[in-house]
Amino acid sequence: MKGAVIRLVLVMGLLAIISRAQMLRVDSGTPVTLAAGALLLCGLFAGKVAKGFGLPRLTGYLLVGVAVGPYALGFIPNAGVKGLELVKGLAVSLIALVAGTELRLGLIRQVGTRVALLCAGVCGLTFVVCFGALFAFKPLLPFMASMTVAQGLAVSALVSTVVVSFSPTVTIAIVQETSARGSFTEFLMALVIIGDLFVMVAFALAAGITKASFGGGLDVAGLLGGVGWELFGSVGVGCVLAVAVLVYMRGVKQELPLFLVGLSFTAAEGGARLHLSPLLVSLAAGALVANLDERSGERIHHAIQQAGLPVFALFFAAAGAGLKLDALVTVGPVALVLVALRGVAIWFSCRKLAPADDPRLRRYLWMGLISQAGVTFGLAALVSRTFPSFGPNVEVLIVAMITAHELVGPVLTRRALSASGEIRADEAAGTA
Amino acid sequence: MQALLVLLSIAALSLLASSRVLDPGRFPALARLAASGFLFLLLGILLGPSVVGLLTPGNLEGLRPLVALGLGTAGVILGLNLEPRLLRLLPRPVYSAALAHAGSAFLFVALPLVAPLLLAFKLPPQSAVGAAALLGAAASLSSGHFAVLAYRAGRMDRARGLGVALLTMLDDAVGLGVLALALVLSAASHVGEGLGLVCLAVLLGVMCGALLAFLTHSLKDLAELTTVTLGGVALVAGAAAYLRVSALLAGVACGATLALVGGRTAERVSRALGRVERPSFLVLVFLVGCGVHARDWGAWALVPGFVGLRFLGKVLGGKLAQKLAGSALELPPRLGYALIAQGGLALCLVAEYGMLVPGGLSQRVLDVVVVGAVANELLAGQAFRQVLTPTPATARAPRPDVEVAT
């Protein structure tokens with residue numbers, strides 16, 4: 001670990017020199033490439049340091065991103081972090097592709113109903129708790145204080161659907177890092193993925209109702225069409241991509257990691273442009289490939305492990321650099337109360353509703369559900385764009401919550417997997 | 001969305017270029033352009049703002065980080081090839097021969113083209129000299145890929161093929177030296193500041209190279225080595241782009257430092273970089289093509305002069321180089337004809353100049369060199385036949401799928 005610390009300090013020292021030298025220039029050039037290189041190197045070595053402390057590598061990536069980012073030491077300017085949005089989309093797609101290869105038909109048949117029921121229970125209870133709290137906080141939140149009761153209810157519902165969301169990205173990255181395998185891990189992964197499907201549907205409905213409450217009119221057909229397109233369109237496009245992957249794997253047989261990176265980039269960018277869910281597109285593609293041809297699924301898994309390290313290190317370090325620490329100051333108290341309430345709601349619902357046949361689920365599952373990352377960021381940004389009058393304030397509140405969840409979530413997820421006894425290796429080569 | 005479409009087009013073209021559709025027997029010129037990557041240059045010109053307009057100037061502005069990364073990668077690869085041990089072993093006549101053919105082409109192009117730049121375009125002397133120097137630098141460069149292909153196909157003996165390749169590698173140094181000079185003259189408001197910026201680029205490269213050597217020193221895992229290598233290259237290119245100094249020169253300094261102090265680590269880094277060399281080169285070439293103003297008639301007027309004078313310079317410089325090399329290096333007859341292909345570094349030089357020297361002049365230099373490079377690539381195929389001795393009946397057939405770095 002000593003070597004990793006020395007290397008991390010040296011990289012940060014060079015970054016400090018570069019940022020100091022930049023002050024001598026009247027006009028600076030593009031900082032995106034610098035941000036990519038710096039976060040990649042810092043992330044990699046911070047991950048090793050975190051591992052030395054018994055923490056997930058992912059926590060190291062996030063913390064070093066926060067440290068060198070624009071809101072702490074300021075070695076990387078904000079424009080550089082924003083320029084890495086493409087990488088974030090790519091990472092989410094890659095992670096979803098791997099997660100899809102884990103979704104075997106047999107597994108879905110085996111745990112699907114139980115997972116869906118538990119998911120509905122956890123999401124429902126968490127939603128109710130957060131919804132109640134937000135509406136109670138209405139007079140304390142400046143952007144909600146002047147709203148009518150109907151508007152307040154609608155906005156509370158909208159924000160609560162975002163707050164409920166989990167993080168498949170973090171869960172899958174930690175599962176990869178620890179090589180965890182077993183029924184508990186499968187249950188946890190299925191739960192976070194299905195939870196996000198629930199959130200997508202609920203978010204679309206809540207957004208439609210909120211628009212109506214602000215005088216936009218309730219377009220039920222448009223609402224259902226939008227939700228249907230996002231869900232079924234994503235699965236359809238995912239199936240097309242799966243066929244492309246199978247054709248490539250049988251016909252070309254070369255440079256598979258490069259091909260998968262290109263495919264994930266296409267899914268991320270194209271999916272976002274077509275109002276589809278990039279996560280669902282890649283998930284469907286991965287699942288179909290694994291169920292049609294098990295060997296191809298394994299090859300994809302192996303190939304992404306090869307290409308995964310730089311993408312994951314960059315993604316999570318960039319996510320850390322993008323965390324607005326100043327947001328914690330302005331809406332911190334309300335955000336922390338919501339974080340605590342969400343945590344208690346998830347813990348309570350898991351304790352009461354998780355299947356009794358496996359005591360590990362009742363005791364440790366809640367820890368794997370605390371993280372929030374890519375999907376929550378995306379929904380918060382969508383609220384900001386769709387509702388310019390109050391959306392940016394909602395985004396600040398949610399980002400403050402994500403900041404807290406990002407710092408404790410990965411640690412808790414790893415602890416859950418460790419406590420369940422399903423971690424197989426200290427570290428899988430070339431993973432997050 | 002446009003950027004996505006373009007990247008997908010590049011991917012499709014990559015598959016096409018590496019397939020057997022472009023059969024050298026049926027479309028020799030097209031196959032040559034595909035093998036050297038210049039097909040991507042033409043695609044860039046076609047899709048860029050001045051022809052079809054699929055990519056807008058705004059899109060190109062957004063893709064500048066990719067250009068910086070491509071230039072940095074090219075620089076680090078060039079720097080890594082500067083093996084001090086090998087360079088020390090080369091006898092002096094080899095350096096004289098390289099300087100002769102590169103210098104001749106430089107002088108044949110730079111000196112005559114100062115006049116139209118000064119008179120017709122009414123430029124200040126310092127800018128005109130800087131631009132003419134850069135045109136000369138681009139003209140001085142040659143690519144040895146025809147020689148490499150010829151000896152791989154058994155149409156040229158190995159010693160002669162390697163001799164040509166060695167000379168073309170050495171003239172890269174001339175090109176980089178002149179780029180530094182042109183940036184000193186034109187990239188800042190006065191020469192002192194320009195010199196400071198070039199020194200800053202080199203210092204940055206040396207620091208990043210030393211750091212990269214230390215970071216990669218004890219890494220055993222291949223994924224970690226690749227990650228650190230990519231991060232190091234992005235760091236040096238990105239820092240240069242951020243500080244608005246030359247990413248290419250910083251990259252060369254980084255690679256050379258790594259080669260000097262890295263020992264065996266440098267070889268491993270070189271192998272890791274080799275995996276991304278071709279894709280990053282093709283994307284860079286495509287983006288350079290997008291930057292061409294195809295409707296600048298002033299630039300078109302300069303192209304025949306650039307190509308013609310360079311040809312003359314190379315032919316005469318080749319004769320001089322043969323005399324100077326003597327027995328130290330085995331070279332083919334009519335060496336100048338083997339040096340007509342211009343290669344990718346010329347594009348890197350003008351791309352860098354265009355990024356760091358704002359204004360119409362650097363744009364015109366880019367237009368002239370890019371169009372000239374395509375013309376030279378097409379001309380080179382015919383010219384290289386003059387170098388080859390008649391093919392023996394037993395010679396092996398050329399491999400159509402051979403790809404070489406330019």
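Heads up, the Cβ atoms here are built off N, Cα and C, so glycines get one too.
Straight from TrEMBL, the features:
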- B:29-55: transmembrane segment (TRANSMEM)
- B:62-82: transmembrane segment (TRANSMEM)
- B:94-121: transmembrane segment (TRANSMEM)
- B:128-151: transmembrane segment (TRANSMEM)
- B:163-188: transmembrane segment (TRANSMEM)
- B:195-215: transmembrane segment (TRANSMEM)
- B:235-261: transmembrane segment (TRANSMEM)
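The highest tally of CB pairs under 8 A with the transmembrane segment (B:94-121), across B:29-55, B:62-82, B:163-188, B:235-261, is held by B:163-188. Per-stretch counts of Cβ pairs under 8 Å to the transmembrane segment (B:62-82) identify B:235-261 as the leading one among B:29-55, B:128-151, B:163-188, B:195-215, B:235-261. Long-range Cβ contacts of the transmembrane segment (B:163-188) within its own chain (Cβ-Cβ under 8 Å, at least 6 residues beyond either end) map to 78, 81, 90, 94-95, 97-99, 101-103, 106, 126-127, 129-131, 133-134, 136-138, 140-144, 147-148, 194-198, 246, 248-249, 252, 321, 325, 329-332, 335, 338-339, 343, 345-346, 349, 352-353, 356-357, 361-362.
Using a Cβ-Cβ cut-off under 8 Å and counting only residues 6 or more beyond its ends in the same chain, the transmembrane segment (B:235-261) has close neighbours at 64-65, 68-69, 71-84, 176, 179-180, 183, 197-198, 200-206, 208-210, 212-213, 269, 348-349, 352, 355-356.
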